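A.B. asks: Residues or ranges marked as domain 'UvrD-like helicase ATP-binding' in TrEMBL: 189-565. Taken from TrEMBL, the feature ATP binding site applies to G210, G211, P212, G213, T214, G215, K216, T217. Residues or ranges marked as region 'Disordered' in TrEMBL: 464-488.
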Amino acid sequence: MSEPRVRRAEIAIEQTHVDRVYTRLAELRTQAEAMRAKGYELGHGAQREAVFEQASMLFERDMMVYHANQQLQTLDAEYEGLVFGRLDQTSGEAVYVGRLGIRDAEFDNLVTDWRAPAAAAFYQATAEEPMDVVRRRVIRCSGQTVLDVDDDVLMAEAVPDDMRIVGEGALMAALGRARGEKMRDIVATIQREQDEVIRAPWRGVTEITGGPGTGKTAVALHRAAYLLYRHRRQLGGAGVLVVGPSGVFTNYISRVLPAMGETNVELRALGEVLDGAEGTHQDPARLAAIKGSLRMRKILLRGLRDTPPDVPTEMRIVYKGQVLKLTAKELEKVRRKVHVQGGPPNRSRVRAAETLLEALADKAEEHAEDRPVDRAELITELGERIDFHRFLVVWWPVLSPAEVLRWLADEPRLARAGKGLLNRDEISALAASFADRSRGWSVADVALLDELRVLIGPPPKRRRRVQQVELDAAPTQRGSTGTGPQRPEHYDEYSHIVVDEAQDLSPMQWRMVGRRGKYASWTVVGDPVQSSWPDPAEAAQARDQAFGARTARRRYTLRTNYRNSAEIFDLAARVVAGTAAEGELPHAVRTTGLVPEVRTVEPATLDGSVRAAAKELLDAVEGTVGVICAMDRVPEIEGWLAGHTDERLKVVGSLDSKGLEYDAVVLVEPTELITESTTGRRVLYVALTRATQQLTVLASDSDWC
Ligand SMILES: Nc1ncnc2c1ncn2[C@@H]1O[C@H](COP(=O)(O)OP(=O)(O)OP(=O)(O)O)[C@@H](O)[C@H]1O
């Protein structure tokens with residue numbers, strides 16, 4: 001038979017199996033719906049009332065409905081390519097691998113879940129270690145239709161006469177395909193080195209490092225799905241949190257887990273980790289470096305212990321015909337005394353009242369001359385007086401994180417808090433940033449708000465709503481990948497935390513994320529060469545503290561770049577040649593023959609050059625085109641490209657391009673990317689490694705290369 005006919009025949013064989021699977025899926029769906037209906041029925045009908053009263057019956061009903069709903073949710077997930085693999089073993093048996101496990105009515109396996117041990121050989125078998133696999137086949141479907149098959153022979157000597165082999169490599173085909181708006185899962189083509197990381201033990205800390213495009217994000221997300229499948233009892237209840245660098249990024253990866261049927265995972269950008277506050281923009285690098293450093297903790301503590309603005313500066317109260325007066329200085333002494341004893345101020349009002357009453361008793365004694373003062377009587381009597389309480393609530397107000405951070409917009413106040421920790425320029429820059437309300441909170445501010453939340457303590461219960469409003473809109477289940485368990489408003493404990501682009505977390509952000517995983521296990525993904533954080537040692541210290549005293553710590557390095565063509569990666573690697581250590585850069589496996597184009601442009605006509613380059617690339621590739629520039633250039637370039645209506649075109653700032661990818665990239669003024677950040681060349685390296693197929697660099701100088 002000719003090659004196309006063999007291929008068609010093999011596709012037809014697989015189509016028969018895929019049809020059986022979808023027929024069975026429909027049956028299972030009907031069964032699950034029937035079970036749910038039966039469950040609801042248990043709770044209705046007067047004749048059943050006697051039975052219904054029994055708690056066990058109620059429980060049974062809830063469990064039935066719950067399980068049926070769970071099953072329906074799993075069956076209804078967007079299963080593009082439900083069956084994607086087949087293993088032909090030396091025993092002659094064929095095992096189909098897919099996104100979930102399905103058995104037929106006789107309980108025989110129709111599809112094995114990719115996460116089950118029985119499917120491991122699909123990813124781990126090699127020609128050197130074939131694990132009894134003769135042929136590994138990747139099946140590519142669109143909906144319920146098989147489009148293609150692609151084989152790997154692992155034991156050439158064991159191939160039976162009637163076994164046909166087709167294809168030229170599923171991985172290369174997958175890597176060459178056009179990119180869309182959202183990241184795709186890679187279940188069909190996970191590579192062995194990646195599979196090892198995905199299936200690593202769940203406890204402790206698993207660190208994944210590797211250069212750009214090595215699949216770190218893909219691997220981390222597949223690991224989350226794998227862990228929930230294998231250890232749902234340990235991890236499912238408290239849930240899994242995935243933290244990514246930006247909202248653009250979490251949106252980009254948001255389809256991967258639902259496509260694998262996993263909904264019990266919360267995705268949050270760093271600016272969204274704290275409920276009720278949202279970091280909407282990035283600070284300039286210098287400012288972000290101050291806000292992220294550990295010294296901020298001390299500054300915040302001092303700041304919140306300072307006298308709140310607008311509190312009364314004098315207290316007068318009449319006791320037994322005598323006016324007892326505390327001056328501003330004396331009141332501050334009382335405030336300091338309360339704070340010195342430690343504890344969050346929102347929990348210290350009673351102590352503040354007691355200390356104030358003691359000070360009033362001292363005052364009474366001062367005035368009493370030789371007459372003795374009954375201190376206990378004075379304290380009881382004044383402590384019950386309405387005017388005393390009115391004073392107390394304004395003098396020791398309930399604090400909110402947002403309010404305290406805004407106090408620091410006042411330069412003299414910030415100078416007091418930052419004494420010995422901030423220089424004059426830093427004070428001005430920081431105060432100006434807190435004063436600017438036009439853009440809402442920055443991403444770095446959110447970690448400060450979270451720190452303050454803990455330092456201040458929760459507000460007394462009846463004021464809770466007030467604080468919520470203060471922090472912003474009411475919290476929602478942001479970023480959840482679906483209909484996972486509903487959590488309480490201030491839920492902040494997870495059983496497993498995945499941190500992506502971990503090299504960029506500031507020490508304050510590590511503290512914030514660490515609070516959410518006091519008892520969690522971790523998967524931490526990063527690439528030191530892409531780091532934009534200026535003090536890695538301080539960040540490492542905060543990160544280790546976040547992990548706590550967990551002993552198990554394993555580290556994996558991924559070394560193959562699956563994203564960039566070798567031609568594009570060569571150019572990117574040259575940019576960091578001086579700063580990256582030997583062996584830190586990955587190896588790009590795919591060549592396209594398309595060398596990146598570097599064009600010298602005139603600043604005055606840059607707009608025209610950007611438009612022309614974007615148009616050329618939109619014509620050249622099938623998928624997305626990204627125009628990457630320095631952060632503060634974004635609005636200007638968006639303006640230049642406003643005429644382009646093609647949805648495949650996106651303008652993105654350098655820092656926001658982390659983790660993303662496009663079929664083609666126009667990189668605008670590379671030197672500006674170097675100078676805008678404290679870690680310059682690394683930011684440019686990140687930007688240059690976003691393109692899968694084509695890259696055009698527009699530069700008015702040659703300083704960058
Ligand atoms: N085994 C694989 N099969 C198919 N595609 C893969 C595989 N591994 C990685 N990829 C693809 O390579 C690209 C890069 O993956 P990913 O974004 O996870 O890399 P990364 O290491 O997180 O990159 P960066 O650090 O630059 O953000 C993605 O398009 C991903 O789908």
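Glycine too: its Cβ is placed from the backbone N, Cα and C atoms.
Predicted automatically and left uncurated, TrEMBL annotations should be read as such.
Could you give the neighbours, burial and distances for every feature on this list?
C.D. replies: A C-beta separation below 8 Å, combined with a sequence spacing of at least six in one chain, links G210 (ATP binding site) to K216, D527, T557, L558, R559, P586.
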A.B. asks: Tell me whether G211 (ATP binding site) sits in a helix, a strand or coil according to DSSP.
C.D. replies: coil
A.B. asks: Where does K216 (ATP binding site) sit by DSSP, helix, strand or coil?
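C.D. replies: Once the DSSP labels are grouped into three classes, K216 (ATP binding site) ends up as helix.
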A.B. asks: Run through the Cβ atoms and count how many others sit within 10 Å of the one on T214 (ATP binding site).
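C.D. replies: A 10 Å sphere around the Cβ of T214 (ATP binding site) contains 25 other Cβ atoms.
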A.B. asks: If you count Cβ atoms within 10 Å of the Cβ of G213 (ATP binding site), leaving out that atom itself, what do you get?
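C.D. replies: Taking every protein chain into account, the count is 28.
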A.B. asks: Fewest other C-beta atoms within 10 angstroms of its own C-beta: which of the binding-site residues G211, P212, G215 fits that?
C.D. replies: G215
A.B. asks: Return the residues near T217 (ATP binding site), defined as same-chain residues 6+ apart in sequence whose C-beta is under 8 angstroms from its C-beta, sorted by sequence, else 'none'.
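C.D. replies: Set apart from T217 (ATP binding site) by at least 6 residues yet with Cβ under 8 Å, we have M183, I253, D500, V525, G659.
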A.B. asks: Using the CB centroid of G210, G211, P212, G213, T214, G215, K216, T217 as the ATP site centre, which other residues of the same chain sit with their CB within 8 A?
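C.D. replies: Those within range, site residues removed, are D527, L558, N561, Y562, R563, P586.
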